[in-house]
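Noted in Swiss-Prot for the protein shown:
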- 1-23: signal peptide (SIGNAL)
- Ser42: active site, nucleophile (ACT_SITE)
- Asn104: N-linked glycosylation site (CARBOHYD)
- Asn326: N-linked glycosylation site (CARBOHYD)
- Asp334: active site (ACT_SITE)
- His337: active site (ACT_SITE)
Amino acid sequence: MSTSKAITLTLFIATTLLAPCNAAANATTKPLFPAILIFGDSTVDTGNNNYPLPTIFRAEHFPYGMDLPDGKANGRFSNGKLISDIIATKLNIKEFIPPFLQPNLSDQDILTGVCFASAGAGYDDLTSLSTQAIRVSEQPNMFKSYIARLKGIVGDKKAMEIINNAFVVVSAGPNDFILNYYEIPSRRLEYPFISGYQDFILKRLENFVRELYSLGVRNVLVGGLPPMGCLPIHMTAKFRNIFRFCLEHHNKDSVLYNEKLQNLLPQIEASLPGSKFLYADVYNPMMEMIQNPSKYGFKETKRGCCGTGFLETSFMCNVFSPVCQNRSEFLFFDSIHPSEATYNVIGNLLDPLIRGKFQA
């Protein structure tokens, strides 16, 4: 056999053998959804509060974002990625989700999805009165502007196809309870029992996701409450004890709310043809990390990495604040918000649940 024929045959065999591998690789890297859309509060706000808003709830300054690839703060309330970024990466949509208010969004940014969330927001409009954040109830108006721009890029039919098949994340609630019930009792006269206020918030949540559905959304992940009694700032405000135990009665409130939410979502899904709703449990994973920290590589779960870790968040966590060196060993980055390491654990748990629900 001539040398040229031998080379040709070798290349043919190699190409044939590698073809299935390439096909498998393409299958695994193909996005499960065409776009990802984010609504809610600081747990998922990727930088909307950077832009002209009269709010102090900002994270566009060091040390926020210090573990991002460029090491620069961009509005995310963590040292690195948020849970929404991690989910988007795992679903092969994009690595980072841009905020909708970012002025230089590209067509590709619009096509693959953006974030409408605002740090300090809540389902209760009263929450944003004190924080000056973009109310959750206002975020659908931003979404309508997004839809108009999307239609301008790909046309009406393709735009609605993208929205119908997009993956949507809704994450809010903690601010409502902290600002309107626990720390500032502005809703206690109206709702003397926490269960009544929970029902009010859940009704607001239901109205919100129904509005998203009316705009074309079909695939929705809804986040529950974290263990509110274990947030460092909450322990500082409510617990004058050097041992800093979690506030169990507030954790019980979170459990009750989450149980109600888990019961509500299937009811909403059944009433909205073609919709799929998935509950995102953050409470149990975080409690597991708090109770068994070494299993996940954590050494500190009762305070944040920034400053003393007891009070600092937003403008109080700043360039003058000392920052821990071993950020992957801290459950919280500031006194409210989880570290990227925590979000990675939660993202790993959510990924198979998302695929199981939405690939079926």
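Cβ atoms are placed via backbone N, Cα and C, with glycine included.
Known features from Swiss-Prot, placed on the structure.
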residue	record	contacts (Cβ under 8 Å, 6+ apart)
Ser42	active site, nucleophile	Phe57, Ala59, Phe77, Ala117, Ala119, Gly120, Ala121, Asn175, Ile336, His337
Asn104	N-linked glycosylation site	none
Asn326	N-linked glycosylation site	Lys299
Asp334	active site	Phe77, Gly304, Cys305, Cys306, Gly307, Gly309, Glu312, Thr313, Ser314, Cys317
**Report entry** Neighbouring C-beta atoms (10 Å sphere around the C-beta of His337 (active site))
**Finding:** 27
